[in-house]
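One structure below.
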Amino acid sequence: MERTFIAIKPDGVQRGLVGTIIQRLESRGYQLVGLKLVQVSQELAEAHYAEHKERPFFHSLVKFITSGPVVAMVWQGKGVIAAARKLIGKTNPLEAEPGTIRGDFGIDIGRNLIHGSDGVETAQREIALWFDESELVSWTPVAQSWIYE
């Protein structure tokens, strides 16, 4: 089963959107297998955003993600990476469609509430970076037979 990493950034936590965001993913039928509230270290932030290290906005990304608590999550399900990206919406909330998390709750590209892995390899790297395998729970929701054939 496919897995993805999703993080509710400090602005989403401070604005009280954690429950709303989790509910949207659960309502789609995706399964939460890992969750923790983290005060992100400088080291973790720099590793997470390593691909942007040479970009002019790298330091502002690191500063923001370390500015408050982050809810780190691992979700699993059929096509979860693409579906979660669609549910999250475009990076710039002003361009995100209504009905997406960023379209409904975001205003500023620098405060866009949530991060989601953009592909299988990225998801694997981010999950390994943020979670130890022992922190991920293998379980079967009773509703699973009503969601998947």
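Sequential numbering from 1, following the chain as shown.
Backbone N, Cα and C atoms are what each Cβ position is placed from, and that goes for glycine too.
Since we're looking at a predicted model, the values are computed, not measured.
Within 10 Å of the C-beta of H115 (active site, pros-phosphohistidine intermediate) there are 20 other C-beta atoms, taking all protein chains into account. The active site, pros-phosphohistidine intermediate annotation in Swiss-Prot covers H115.
Neighbour count (other Cβ atoms within 10 Å of the Cβ, all protein chains): 24 for N112 (ATP binding site). According to Swiss-Prot, the ATP binding site annotation covers K9, F57, R85, T91, R102, N112.
Neighbour counts of Cβ atoms within 10 Å were taken for the binding-site residues K9, R85, R102; the minimum is at R85.
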